[in-house]
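What TrEMBL records for this protein:
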{"type": "REPEAT", "residues": "211-248", "note": "repeat 'HEAT'"}
{"type": "REPEAT", "residues": "250-288", "note": "repeat 'HEAT'"}
{"type": "COMPBIAS", "residues": "684-694", "note": "compositional bias 'Basic and acidic residues'"}
{"type": "REGION", "residues": "684-711", "note": "region 'Disordered'"}
{"type": "COMPBIAS", "residues": "702-711", "note": "compositional bias 'Basic and acidic residues'"}
{"type": "REGION", "residues": "727-748", "note": "region 'Disordered'"}
{"type": "COMPBIAS", "residues": "800-827", "note": "compositional bias 'Polar residues'"}
{"type": "REGION", "residues": "800-830", "note": "region 'Disordered'"}
Amino acid sequence: MRPVTCKMDFSHSSLFGYIEDLQELTIIERPVRRSLKTPEEIERLTVDEELSDIERAVYLLSSGQDIQGTSVVANLPVLMRQNPAETLRRVLPKIREVLHVAGVEMQLTAAVSFLTVLQEESVSIHTYSHSFLHIILQNLEHRDAGVSNAWLETLLAVIEALPKETVRHEILNPLVSKAQLSQTLQSRLVSCKIMGKVANKFEAHIIKREVLPLVKSLCQDVEYEVRTCMCRQLEHVARGIGTELTKTVVLPELVELARDEGSSVRLAAFETLVNLLDMFDADDRSQTVLPLVKSFCEKSFKADESILVSLSFHLGKLCNGLYGIFTPEQHLRFLEFYKKLSTLGLQQENGHNDNQLHLQTLEQEKKYISVRKNCAYNFPAMIVFVDPKNFHLELYSIFFCLCHDPEVPVRYTMAISFLEVAKLLNSDVYTIHKELVTLLQDESLEVLDALVGHLPEILELMTNGGENSGSESKLLSIPDLIPALTTAEQRAATSLKWRTHEKLLQKYACLPHIISSDQIYYRFLHRMLTIILTNNVLPVQKAAARTLCVYLRYNRKQEQRHEVIQKLIEQLGQGKSYWNRLRFLDTCEFIMELFSKSFFCKYFFLPVLELTHDPVANVRMKLCCLLPKVKSTLKIPTDKHLLQQLELCIRKLLCQEKDKDVLSIVKRTVLELDRMEISVDAEQLEKEKQKNEGRSTNINDKMFEKKRRDSKASSVLAKSINLSFSGSSSGTSAGKEEKKSKLVRSQSFSTQVLHPKYSNIDKCPNKSSATGYTSSVSGMGKTCMLSFCDDSFRTHSAGNSGNAAFPSSSSRNLFNSADQKNNGNKESQSRRMSIWYIIERVEWDKVKKKQKIKLLDDLTEKMREPETGGSNVLVG
């Protein structure tokens, strides 16, 4: 049939008619309300700000509007925490008065607030029952069903906390009158639910004497709603009275209710019977329960389809609960019943019924889908029922149908229960491998998401499941498993559900335990790198990066490892997009987490530090945040050269960084690095120590031999040469005085400058130049963070104290420069020193954080100044 087309007539006459019609329309002008509230309304809503919280609450409840009163009721728990005595004395009576005429919203708010006060234990349970319980009981029979249920939920929670005597006098005794037929339907329904809660509160003899008569009366009520409600509470009553009374009192009532004329009553009786199976002995099960269950099953397809959904949901529990009393025929009958339910609604689809004589309504289709979904839910229980050894013969066909069901909810349920099925099959798990591949390739991402949740455990069972499965079946299962995993990832990648894709990539990290490294390298590893480079979703990129690092961790082929590392550095770390460079830093974090420290230092330490020159501030910021982790990978003395590179990078950042945000992060990072300890390679340190000791021993031996030869020569010369002591004594004494003064200055300088912990100073080997100082790295001490060049300096004299302290606030100079006489030599050359050397002079550990940041600011500014021939001044 061709669609009917409608053409518009754009002739002059028709257009003129349209215009006339438009002119006939008149726009009704309505006054626009400029404000939400009139001045009179604002005046009524205004409250004196000087009132206390209690006084304001009383005022609003007395003369405020409904919305203000509701706000006070919602704020009741806060008032109870702040001032419980005044709230109980002044506010709660007002709330009680207002609730008599309050609307639905205030009633619901009050029910929630009362429950909150109970849960927070703002008052004792005695005070609560005295002040709040009566208000709750008064509002139980509210005309609105929603309000009544809200107060009932509050009361049921209160009953658990109340003492027995209070429950007995305040709640149980009034139930006798509330449960009578003369009361309203709502009152009797409330009584049923209170019965179920009270039954667990008292001893069996009290329940038998005071509760059971009311229970029997409500089970025989004329309204089916009351019988249904009481039937569902029989489980709680049975748990409270014990096995004997359950057999003599509760079971006969259930049998009678199972034959009730109301379908909802029969359904409630059936579900209660199933839940109480563990309380019945073998005779009760075989003589009473089993005939009832058989009757339900027979009627479910013929006359009572209302019970079909519930029967399919409880069938697994029912079959296993009655397993011991089944005859072989009954066992087979219940199994066939389950198989019939599992394919319910599918027979007509497979047949050729063109006339469609038995059309299914939409409601029936939904019911049948629910039944098959419940059968999928009960499938693990049915494996236990038939014994896993008989799975392939008895249940595999049903398993196949459920995994290929046309409805997504059914397949989704099978995907969720797939792990339980695999565990039960144990050595026969290879028999369901095809269904795993089918679910991995399912067109619905919901099914895939459900399966992926336990994918690592499932794959491990698939490949290592049974001792009897044999290696051949495992090897044959791999080729079709890998394409299924690849297809699942590609389908998730092309969808808009990135969370499913992220979850899938995270779970794929288990593959090194499942398949070989070559298969991972050629089918998955490069795919992860592609996702990092091309995907636009950050969580997906990070998941791919971590999974790639796991693959690299378990790859033992050096050629493949080096290729992947090279690609990571070139395509990510040196990539044109700053986004890729950020992902490189994320990848380095995962590498530090998964690999050894030496591996990171060998391959990634220097590429990471190269990003200090990155033109994008975000990359430099992320790098600065990563530097503490980078430093934690170093070991002294093995990585001493890398530590120097780290110091140089921080120096450059402090000197050259122009972005304020990056510079502030750099300063915070320096403070954090200052607090860090570097791990020490004790073995390597011991080797170097022994090496140095051997070298010093050789030097001492040579010096001793030289002195011995010189002494012999001097003794010979002493006999032949007369020395004049008069002229030389003065020169010698002058030389001694000069040496002595230099030694005193040197000792004074060293004691003023250095902290006792770091008093070991290495001198530069060049004696002609000015002596250069570098903080030596002790075994357990802190290491220097930054080295920079500065001209010679001298410190303020600090008396006889060992360390220099901060100068007064009026003076900003930490160090005063002093020109040294060069005497025609190279003593004017600049000294090299570290920032750790400076901060040790000012007792860095005792300095407050703000002062540290101020010191770093001043040092940064000083280091930015151009170098001059004269001395520089370090401003602090």
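All positions are counted from 1 along the displayed chain.
Heads up, the Cβ atoms here are built off N, Cα and C, so glycines get one too.
Long-range contacts of the repeat 'HEAT' (211-248) within the same chain, counting only residues at least 6 positions beyond its ends with a Cβ under 8 Å from a Cβ of the stretch, are 172, 175-176, 179, 181, 185, 188-189, 191-193, 195-202, 204, 254, 256-257, 260-262, 264-265, 268-269, 271-272, 275-276, 279-281, 284.
Using DSSP to sort the residues of the repeat 'HEAT' (250-288) gives these counts of helix, strand and coil: 32 helix, 0 strand, 7 coil. Taken residue by residue, the repeat 'HEAT' (211-248) breaks down under DSSP into 33 helix, 0 strand, 5 coil. In the predicted structure, the repeat 'HEAT' (211-248) carries a mean pLDDT of 91.
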